[in-house]
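To start, the structure itself, in structure tokens.
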């Protein structure tokens with residue numbers, strides 16, 4: 001076997017090496033040494049991330065018979081997922097340090113890294129079989145993570161819902177892939193892109209395939225699992241689902257639509273337009289009436305997926321660039337919010353109702369400030385990064401004369417400000433009554449994560465070099 005194949009999977013090999021080390025440490029170390037596991041996992045993953053820059057030994061190109069591809073773009077996408085996962089690790093520290101979780105830390109980190117490895121394969125796939133294997137490798141560990149807090153009934157219930165809907169989406173995707181293979185005779189992206197025709201079988205195959213991937217993105221009508229799973233899962237797992245899992249699905253969808261189905265753009269463009277409208281509108285409408293903060297962010301996440309579709313619908317290099325940039329900004333904004341949620345939830349013994357945030361500013365002004373920045377960025381209020389990411393998305397769609405979609409998206413952006421400001425109102429204006437929320441002790445790891453997210457929210461929008469870099473490395477992906 002050619003050794004250059006392994007140079008093309010440098011990121012995967014480093015992650016596998018860390019996985020093996022953590023697994024062996026957790027398996028063979030004594031209980032006295034288990035207390036150091038978190039530090040080893042966090043520092044080890046940080047070393048893996050840092051060691052990838054600059055990528056001296058990474059070789060770009062196809063590997064293992066063309067089923068895997070590495071490029072500057074895939075490297076950057078995986079790096080985005082790495083940063084998001086690292087921030088989730090930091091935020092999970094206090095929860096995993098509790099007495100009931102102390103001996104289960106190893107399981108949490110190993111399972112989450114296995115899921116991340118599957119997402120690597122989804123991004124680098126050049127073959128639909130590879131994409132499916134990556135998706136399943138990512139999904140099965142996620143079901144374990146959703147049920148990780150076995151002492152909570154909602155966690156087990158959420159896991160069952162996630163497993164059932166995930167299995168259904170996998171079956172639907174395989175059904176679609178069977179149509180594509182039957183009509184085109186190949187699973188390779190390049191072969192399908194070369195021979196694809198607008199036949200009824202291809203159209204049907206695409207619809208079923210997209211339905212399976214739409215589950216990962218929580219697009220309407222594939223979103224029914226989202227609110228219950230987000231509410232029932234441990235908060236750190238919810239953060240991972242809303243950012244890392246959604247990001248991997250977004251990146252995989254970009255490659256499939258632009259590289260494989262670029263020649264039948266008119267077909268998938270029409271489908272995505274209707275899904276976009278339903279996703280943005282229903283996500284916003286249901287978010288308004290939520291009383292639980294995690295369900296609130298579940299529907300917020302659904303509506304945010306609609307903006308991602310708007311960038312993809314543009315079908316241009318600018319549209320793809322703005323979609324990737326939007327995902328990067330969404331990472332910092334959403335994880336900043338979940339860092340605050342995790343802290344408040346721990347202090348209030350698992351209370352995730354929005355009213356539990358009443359008067360947060362009076363006792364914990366720092367946390368209230370971070371949450372305010374997060375929801376302002378998610379709502380697209382200038383001068384935060386979320387404003388610039390939405391602006392680029394709207395510009396990309398407007399350049400392709402998608403004026404109606406842009407107008408509806410703008411209206412829904414204004415609508416979203418109402419429910420985002422409800423959180424700000426609860427923290428800064430509402431009073432808690434007789435029960436006063438004590439000052440929350442934030443551990444150093446979570447504090448670091450929120451500082452990183454805050455810097456990202458403030459700075460990324462003004463760094464045009466990041467957008468330009470994404471535009472540069474995205475060159476050549478479009479196949480029409």
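All residue numbers here begin at 1 and follow the chain in the order shown.
Just so it is clear, glycine is given a Cβ too, placed from its N, Cα and C backbone atoms.
Annotated transmembrane segment per Swiss-Prot: 5-25, 40-60, 69-89, 110-130, 162-182, 204-224, 237-257, 266-286, 296-316, 324-344, 368-388, 404-424 (among others), in sequence order.
For the transmembrane segment (110-130), same-chain residues at least 6 beyond its ends with a Cβ under 8 Å from one of its own Cβ atoms are 9, 11-12, 15-16, 18-19, 22-23, 26, 45, 62, 66-70, 74, 77-78, 81-82, 85, 88-89, 136-139, 141-142, 144-145, 148, 177, 180-181, 187-190, 192, 209, 240, 244-245, 248-249, 251-252, 255. Packing against the transmembrane segment (266-286) from elsewhere in the chain are residues 198, 203, 206-207, 210, 214, 219-221, 223, 227, 257, 299-307, 309-310, 312-313, 315, 402, 405, 408-409, 412, 415-416, 419: each is 6 or more residues past its ends and has a CB under 8 Å from a CB in it.
Counting Cβ pairs under 8 Å that are 6 or more residues apart, the transmembrane segment (204-224) and the transmembrane segment (237-257) reach 3 or more and are in contact. Residues 77, 80-81, 84-85, 88, 91, 112, 115-116, 119, 122-123, 125, 131, 134-135, 138, 142, 145-146, 148, 189, 209, 213, 216-218, 229-231, 265, 268, 294, 297-298, 301, 305, 308, 312, 320, 323-324, 327, 330-331, 334-335, 338-339, 342, 477 of the same chain, all 6+ positions outside the transmembrane segment (237-257), place their C-beta atoms under 8 angstroms from a C-beta of that stretch.
Cβ atoms under 8 Å from those of the transmembrane segment (69-89) belong to residues 8-11, 41-42, 45-46, 48-49, 52, 55, 58-63, 109, 112-113, 116, 119-120, 123-126, 236, 239-240, 243-244, 247-248, 251, 324, 327-328, 331, 335, 339, 445, 449, 452-453, 469-470, 473-474, 477 of the same chain, restricted to positions at least 6 beyond its ends.
The transmembrane segment (404-424) makes no contact with the transmembrane segment (324-344): fewer than 3 of their CB pairs lie within 8 A, with pairs spaced 6 or more apart in sequence.
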